[in-house]
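Colleague: Below you will find the structure I want to go over with you.
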């Protein structure tokens, strides 16, 4: 069986280590390179041809968008399928990344099983592996919301958002909603903020100001 070749790029070394271990455990995948900034990523891509590039947007030296721009200029014969990782969704950034060739967006924090399934999808592999694990996925489905809430709380604390401000509640809700429906990243001001505003009986503009 031909394995999906994956390259991982993120300045969070701990996350890269976890992803590398998890992906390497998949029967149909192999990690052929890891990088911690945009320059290292481009160096790897000069010599290697991953099927899927998992790329963080915010990184030192060169960010994810700059990497996409330079990757396009390289005119590689085998252009990788790019999955972007992002902590915050902004419509202008999302649109620019798509224009530069990004195939999919995943909002941090994310479920690793969800990521590997998307790696299979963008690489065009069959869904047999997804079907094989469907029963185990169903058995864990009830526990996911609690794990998701814990992950969201952890990441918000890490970026230093105080729990007592309103933006904290709105941000938690936004992350949870986008986790369940990634397409909301393309309609942040038109759908996401208004939906949060309805839930908290406020206006979309106030939600946006509080989050920013």
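Each residue, glycine too, has its Cβ placed from N, Cα and C.
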Colleague: In Swiss-Prot, 10, 11 are given as binding Ca(2+), so which of 51, 56, 63, 92 is in that site too?
Modeller: 56
Colleague: Would you please pick out, from the binding-site residues 10, 11, 56, the one with the fewest other Cβ atoms within 10 Å of its Cβ?
Modeller: 11
Colleague: What is the set of residues, excluding 10, 11, 56, whose C-beta falls within 8 angstroms of the centroid of the C-beta atoms at the Ca(2+) site?
Modeller: 9, 12, 15, 16, 36, 37, 55, 58, 59, 85
Colleague: DSSP helix, strand and coil counts for the domain 'Response regulatory' (5-123)?
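Modeller: Once the DSSP states are binned, the domain 'Response regulatory' (5-123) shows 54 helix, 29 strand, 36 coil.
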